[in-house]
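The structure appears right after this line, and notes come after that.
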Amino acid sequence: MSTAILQSNNPTDVSSACSTYSLTTLQFETLHTRSAAAKATAYCPYSRFHVGASILTEDGAFIDGANVENASFPVGTCAERVAFGKAITEGHKKFKAVGVATDISPPASPCGMCRQFIREFCELQTPIFMFDKDGAFVVMKLEQLLPLSFGPEALPPPGSLPA
Ligand code: THU
């Protein structure tokens, strides 16, 4: 990814990312601490790869999730989809930023299925913060992670197509 720049968690990088994406430093720090803490809630006995996610809603709430695996491997679910499933079923509708944390460096980025899942609920400008094991991060907008994406507005209204 040519635009993927690993940024450190020093105050200069953090405050520049916060001003670019209109987040407070506290919101950024909380996104990091909550996504990192959510790793501990993962159910990942097969991969042992802990992923935590945290979503900042427009009204300032944080909704967390972690990956949940399954003995039938493809049935497992990623942290991002667990977090968005929770957020949507709790009634949240607008989202300001997404954080994803893993124990590797450079940081992991959301898988293709998660990118599409996020696309359903977030503006294309929404920042996705990918934190590595030490809190260094890469941030990209959803539209950079999923260019030329297909979203809900592309579908004609139900009932408007011929049977
Ligand atoms: N995983 C996530 O939770 N999010 C991603 O975006 C990438 C992968 C999980 C799925 C599986 O439980 C483990 O990481 C290894 O692939």
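Each residue, glycine too, has its Cβ placed from N, Cα and C.
Given the structure is predicted, the values throughout are model-derived calculations rather than measurements.
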TrEMBL Zn(2+) site partner of Cys111, Cys114, selected from Cys78, Cys122: Cys78
Those residues of the chain, 6+ apart, with a Cβ under 8 Å from that of Cys111 (Zn(2+) binding site): Cys78
Shell list (Zn(2+); ref centroid = CB of Cys78, Cys111, Cys114; cutoff 8 A): Ala79, Glu80, Arg81, Pro110, Gly112, Met113, Arg115, Phe117
Neighbourhood of Glu80 (active site, proton donor), C-beta criterion under 8 angstroms, separation at least six: Val51, Ala53, Gly65, Val98, Val100, Pro110, Cys114, Phe117, Ile118
